[in-house]
Amino acid sequence: MAYKSAVLGFSFLVYSFETYIQYRQHKKLSEKHVPTALSQIVTQETFDKSQSYGRDRSLFLFVSSAYSQLQTAVILGFDLLPALWSSSAHVVSRVFVYVSRIRFGDNTPALTTALTSSPFADPAAVPEIATSLAFTGAFIIANQILSAPLSYYSTFVVEKRHGFNKSTFGTWIGDQVKTLLLAAGLGGPVLAAALWIVQKSGRQFYFYLWGFLLLFQLSMMHIYPNFIQPLFNTLTPLSPTTSLHAKIRALAERASFPMDKVFVVDGSRRSAHSNAYMYGFGNNKRIVLFDTLVEKADEEEVIAVLAHEIGHWKRNHVPVLLTIQQINMFLVFYTFSHFAHHPPLFASFNFPAPTNSTSYPTLIAFLLFSFVLGPWDSVAGLLLNLLSRKNEFEADAYAKSLREGEQLRGALVKLHIENLGNLNPDKWYSTYHYSHPPLVERLEALDKTD
């Protein structure tokens, strides 16, 4: 089967469809009149600002999606992945030789022994995990460099033009560097461990790999907010003596929510957009409020937003979503186990047959398999968005059951206005892309929910 041709063909098909619905949305963003359902709560001036912001973001998405599609076509069409894999093996080998010469000196018996006894001295025999780490590092750095111009434009042109960007160039550069360091310091060991598991566990590797990544994801629920997020933001405990903290505590008691602490995060350091979320296991739930939310919404509206977030916990949305994701991941790994040693897949992407081992590199096998899995990824993404929107309606309904419906209504409108959210979405576009229902649909549901 011509896997590469099928992958390229499908990628262009998806790009064409997404460009079409983006065009539909762009036309909606050119409309001048406030939608009838919002005419009593949104001014013409606010609507115009929202439309202007939406058009700028839409134009940016036209460019960024075309750029991304061009990258995919060039990488696959010019066989850059096989070239990068080969180059990675050569680099690892050269580094080993260079370090050995520094360690043992030139033309010494110890150097000769090191170079003749180690597989690292021969690019064709470099251990798979070492080459995989070098390949991944080079791929991430290249992607970071290629995406930097678009990231810069989005942050310092589009977002700044509409008053949202609060980040400095130094902060932006620092974020890029921290991201790379985290990828190396955390992602590298995890990747090495995953590849080792595949190598050592035979044909049933999919079960052990799934179990390992499940444990990693669960541990990240603790590691990220406590150790990684503080590298980018400052979380300040909300004083227990404030009226807002007292109201949050009262809400938690009403909902039997096991609240531990409340933090305010300095989201305004980078953006004027606002949000709130929760994290933690068991009886150690913690609430995080963006400082922009605290500043823009009154306390009753903040409480309503948190009632909505508690609704997600009350309806078990996170465990259900996690379960679905784990089932999907297990099935993906199981299916991958049938492609991991499939010569036609590698040949289609012009990877040479292995010479010094009995199998193809696992990382490359999964990368190529992920390309082939593209159609399922598109379907799964749409299904997850449908589930997410259902969950949002349920969380809104729960907030209303706590008699926070009117306050939530006001908060949704205010936050949409403050964030210049899309007030006039195209139906196809919102169905395909949105994980949250459009504002009009949420307001209508709040009006009907009892």
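The backbone N, Cα and C atoms fix where each Cβ goes, glycine too.
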Checklist entry - TrEMBL has His308, His312 binding Zn(2+). Which one of Glu253, Glu295, Glu392, Glu406 is in the same site? => result Glu392
Item to check | Shell list (Zn(2+); ref centroid = CB of His308, His312, Glu392; cutoff 8 A) | outcome: Glu309, Gly311, His317, Asn391, Glu394, Ala395, Asp396, Tyr398, Ala399
Checklist outcome for this item: One should report the C-alpha separation between Asp396 (active site, proton donor) and His308 (Zn(2+) binding site), rounded to whole angstrom, as 5
Next on the checklist: Can you give me the Cα-Cα distance between Glu392 (Zn(2+) binding site) and Glu309 (active site) in Å, rounded to a whole number?
Outcome noted: 9
Checklist outcome for this item: Around the Cβ of His308 (Zn(2+) binding site), other Cβ atoms within 10 Å, all chains included, total 24
Checklist outcome for this item: Of the recorded positions listed (Glu309, Glu392, Asp396), the greatest number of other CB atoms within 10 A surrounds the CB of Asp396
Item to check | Confidence summary (mean pLDDT) of the domain 'Peptidase M48' (241-449) | outcome: 92
Checklist entry - Should Asp396 (active site, proton donor) be counted as helix, strand, or coil on the basis of DSSP? => result helix
